[in-house]
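S.K.: Just dropping this structure here.
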């Protein structure tokens with residue numbers, strides 16, 4: 001198995017997932033494409049945690065680019081052996097993957113909390129509050145209650161859709177980074193191959 005090619009594939013996947021996380025998080029600031037709710041601070045508190053922008057986005061780009069460049073990384077070798085240097089590079093990629101695990105974990109946790117609490121919205125009494133906070137997420141299964149939020153229009157659907165996307169994307173990122181931790185350890189211990197013609201064995 002070529003551990004370097006596997007790492008590079010994971011890296012490219014993480015870049016795409018990170019960009020999607022950033023886009024989903026940005027959309028949370030503009031319900032129905034309107035900017036006034038953000039300027040008036042009438043958004044869910046968990047929107048301001050930047051889970052998709054920072055956790056699933058920017059923090060994910062670090063391990064992504066490390067993994068993408070890993071296959072071309074000749075490292076310095078040790079004792080004149082290039083193979084040793086490549087194995088060290090694979091082991092060091094584990095640290096980058098752990099950063100990715102932390103970022104994606106943060107994204108998943110915040111998205112789950114955002115889904116459980118529900119959106120900040122204007123209720124039928126004309127007050128801005130978290131209408132579904134006391135339902136412990138049960139409102140997700142009872143769409144008939146969503147009409148309790150009168151403004152922003154369709155805010156429940158907006159929040160549920162985007163937080164669900166962040167939850168799914170963060171979960172995929174977490175799994176990929178976990179796979180890279182295993183891949184990096186195996187690659188560091190068992191060897192690293194740079195092409196189909198070259199492979200290092202234990």
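Any Cβ shown, glycine's included, is placed from N, Cα and C.
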S.K.: Would you confirm whether, in Swiss-Prot, residue 9 and residue 34 belong to the same side of the membrane?
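M.R.: Different domain labels for residue 9 and residue 34.
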S.K.: Select from 141-161, 162-182 the stretch of residues annotated by Swiss-Prot as transmembrane segment.
M.R.: 162-182
S.K.: Near residue 129 (N-linked glycosylation site), how many other Cβ atoms are within 10 Å of its Cβ?
M.R.: 12
S.K.: What are the DSSP helix, strand and coil residue counts for the topological domain 'Extracellular' (31-49)?
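M.R.: Going by DSSP assignments, the topological domain 'Extracellular' (31-49) contains 12 helix, 0 strand, 7 coil.
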S.K.: My understanding is the cutoff is Cβ-Cβ under 8 Å with a sequence separation of 6 or more in the same chain; which residues meet that for residue 159 (N-linked glycosylation site)?
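M.R.: Non-local contacts for residue 159 (N-linked glycosylation site): 28, 44, 114, 115, 118, 119.
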S.K.: I'm checking region-level scores; what's the whole-number mean pLDDT for the topological domain 'Extracellular' (115-161)?
M.R.: 96
